[in-house]
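Visitor: Please read through the structure below; I'll follow up with questions.
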Amino acid sequence: MDTASSPPSAERKRAGWSRLLGARRGSAVVKKCPFSLELAEGGPEGSTVYAPIAPTGAPGLAPPMSTPVSPAPAPADLGPRPRVSLDPRVSIYSARRPLLARTHIQGRVYNFLERPTGWKCFVYHFTVFLIVLVCLIFSVLSTIEQYAALATGTLFWMEIVLVVFFGTEYVVRLWSAGCRSKYVGIWGRLRFARKPISIIDLIVVVASMVVLCVGSKGQVFATSAIRGIRFLQILRMLHVDRQGGTWRLLGSVVFIHRQELITTLYIGFLGLIFSSYFVYLAEKDAVNESGRIEFGSYADALWWGVVTVTTIGYGDKVPQTWVGKTIASCFSVFAISFFALPAGILGSGFALKVQQKQRQKHFNRQIPAAASLIQTAWRCYAAENPDSATWKIYVRKPARSHTLLSPSPKPKKSVMVKKKKFKLDKDNGMSPGEKMFNVPHITYDPPEDRRPDHFSIDGYDSSVRKSPTLLEVSTPHFLRTNSFAEDLDLEGETLLTPITHVSQLRDHHRATIKVIRRMQYFVAKKKFQQARKPYDVRDVIEQYSQGHLNLMVRIKELQRRLDQSIGKPSLFIPISEKSKDRGSNTIGARLNRVEDKVTQLDQRLVIITDMLHQLLSMQQGGPTCNSRSQVVASNEGGSINPELFLPSNSLPTYEQLTVPQTGPDEGS
């Protein structure tokens, strides 16, 4: 990755061509050195240390200036300044292969021995388990007379091999533990050796060496040595489970169900004590057929109680009297039921633990998918930001190819580079599906007008001779072809210049990046949705029940809001209407009643309007003549006085058209 002190693009390209031409004139290849601080590897002593490496020029040429700590503008005649970059182990944008260090080897060995993952670790640890098991079988066979001679001789050599193997493994474990910070140094190694499993390994190795050195006579063991070997074989079986996963699982189950276990054990213990005591009282004077008293002490009664309630039933002690048999039968049914409960509790606890682990695994699959979704969503959002930090990850410098400037190339070197790159991706745990999220490199063709006049491909071919597919070009200039396939074929020939600064990004580059980010977002969203799918029928049922519960809660909330906004029927409907029709409380019935009320109000308004019109007509003129003229006019079909009518949206009523006429006497 280029820093802010990198020269502009034009100067950088001129510097690159000048280095190539300088190598041709000096008949030597100039090693490109863009770093001012680099990891100096492959030294005289083979050591790898951080040291400033100054760029070296060709013979006869002045070396270019090294980048100072405080960069200052360099004169134009002193040549281009070298670019400054960080070591690949420091920069997160570097594409170089990580260097294998001592701590890296320690870490891999430590993970292989202490944190086994993968089929290789499984094969190794399973083989060790089989060897220990075979050795234990031979130790058992040595106790049988007909196999004692063969088993003892074979066991002698197997013990020697196992002692050497476990001793070497213990030393390697102690050495590899230094990769962790808490086990660094002498005190850290002592802390690692104080672990319980490490103490057991040390005891087994030392005791086995003592037994082999002291207890053996030639190629056979002494009797005491064989007894010691048997005990060490039992301890060696603990070596199989170094992580203690079995004990942690058992401890977690017991801790989770501790209340139930304590309750059942307490009640069962009380039943054992009471049953033993009452049987002792009933059978302490009873004599069996042989004339002995079987329950002569309370200890004999406790032994009988333990054998009975644990359903073993040796039958060495049996109640003789009917009182004792009755007490024993009653307490046995009660106590056995409580002594059998811990097995069921532990079994259900293990089943729940397995189910919990399965759920945790399913949930852990969602974490990378969610992280990818968040990352792609943020990148889609950041694509609209004009800040340079948004686009900086797309302008990183690609991996350096040492084959381009090699004076004597080897045909198989490119194949080896590909194999190393594939191995690196495999070591990093990168799957083909995850490679789609890698940041691509953006390149562009150098403009024609910025190329020096003295540059030619012929001079390039005379200095650096490569395979025809890399540097031999038929055309004299770097021209982009018409098809995308030809661009891919000539990618190595055209030597596209990588974009090394954000300012070199164009609009089509940014648009392409936005499209790629949007596609990555949709892919990540689909993967996250697939990871969110339930993996068991119980989860589906639980999901449906939870959805039904949420739906009922929302319906109740909606009903509450409707009652709050419209009101409950009991607040505005009289009791008489409730008793008449139970179905009138619906929304349709309520709307019908509202329409009826509006119609009644309209009729009453019509009547009131008619009465007002009549009063106005009587006040404006003579009521007799006006009334007569109005009626006559209406009977003759002439124009009718508009004051007798309602507004234009209603028709006159029968009472308006037939106004009662009064005589002259009534008018006076």
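For all residues, glycine too, the Cβ spot is worked out from N, Cα and C.
So Swiss-Prot says this about it:
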type	residues	note
COILED	584-620	coiled coil
CARBOHYD	Asn288	N-linked glycosylation site
INTRAMEM	299-319	intramembrane segment
MOD_RES	Ser27	phosphoserine
MOD_RES	Ser406	phosphoserine
MOD_RES	Ser408	phosphoserine
REGION	237-245	region 'Interaction with KCNE3'
REGION	369-381	region 'Interaction with CALM'
REGION	514-528	region 'Interaction with CALM'
REGION	534-571	region 'Interaction with KCNE1 C-terminus'
REGION	587-615	region 'Interaction with AKAP9'
REGION	588-619	region 'C-terminal assembly domain (tetramerization)'
TOPO_DOM	1-119	topological domain 'Cytoplasmic'
TOPO_DOM	142-152	topological domain 'Extracellular'
TOPO_DOM	176-191	topological domain 'Cytoplasmic'
TOPO_DOM	218-225	topological domain 'Extracellular'
TOPO_DOM	242-259	topological domain 'Cytoplasmic'
TOPO_DOM	283-298	topological domain 'Extracellular'
TOPO_DOM	348-668	topological domain 'Cytoplasmic'
TRANSMEM	120-141	transmembrane segment
TRANSMEM	153-175	transmembrane segment
TRANSMEM	192-217	transmembrane segment
TRANSMEM	226-241	transmembrane segment
TRANSMEM	260-282	transmembrane segment
TRANSMEM	322-347	transmembrane segment
Visitor: Sort out the residues at least 6 away from either end of the region 'Interaction with KCNE3' (237-245), same chain, that have Cβ-Cβ distances under 8 Å to it, and list them.
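Guide: Residues 114-115, 125, 128-129, 132, 136, 166, 197, 200-201, 204 contact the region 'Interaction with KCNE3' (237-245) from elsewhere in the chain.
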Visitor: Using DSSP, tally how many residues of the topological domain 'Cytoplasmic' (176-191) sit in helix, strand and coil.
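Guide: Each residue of the topological domain 'Cytoplasmic' (176-191) counted once, the result is 14 helix, 0 strand, 2 coil.
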Visitor: Same chain only, please: residues at least 6 beyond the ends of the intramembrane segment (299-319) with a C-beta under 8 Å from a C-beta of the stretch. Say none if there are none.
Guide: 268, 271-273, 275-277, 279-280, 282-283, 286, 288, 325, 327-328, 332, 335-336, 339-340
Visitor: List the helix, strand and coil residue totals of the region 'Interaction with KCNE3' (237-245) as derived from DSSP.
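Guide: DSSP classes over the region 'Interaction with KCNE3' (237-245) add up to 4 helix, 0 strand, 5 coil.
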Visitor: With DSSP helix as H/G/I and strand as E/B, how many residues of the region 'Interaction with CALM' (514-528) fall in helix, strand and coil?
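Guide: The region 'Interaction with CALM' (514-528) comes out at 15 helix, 0 strand, 0 coil.
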Visitor: Give residue numbers and ranges for long-range contacts of the transmembrane segment (120-141): same chain, 6 or more residues beyond its ends, CB-CB under 8 A.
Guide: 112, 147-148, 150-151, 154-155, 158-159, 162, 165, 226, 229-230, 233-234, 236-237, 239-240
Visitor: Could you tally the C-beta atoms, other than its own, that fall within 10 angstroms of the C-beta of Asn288 (N-linked glycosylation site)?
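Guide: Within a 10 Å radius of the Cβ of Asn288 (N-linked glycosylation site) lie 13 other Cβ atoms.
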Visitor: Determine which residues of the chain contact the topological domain 'Extracellular' (283-298) at the Cβ level, with the cut-off under 8 Å and only residues 6 or more beyond its ends counted.
Guide: 276-277, 304, 317-321, 324
Visitor: According to DSSP, does Asn288 (N-linked glycosylation site) fall in a helix, a strand, or coil?
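Guide: For Asn288 (N-linked glycosylation site) - judged by DSSP and reduced to three states - the answer is coil.
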Visitor: Under an 8 Å Cβ to Cβ limit, what residues of the same chain, 6 or more beyond the ends of the topological domain 'Cytoplasmic' (176-191), are close to it?
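Guide: Same-chain residues near the topological domain 'Cytoplasmic' (176-191) but 6 or more away: 103, 106-107, 109-110, 113-114.
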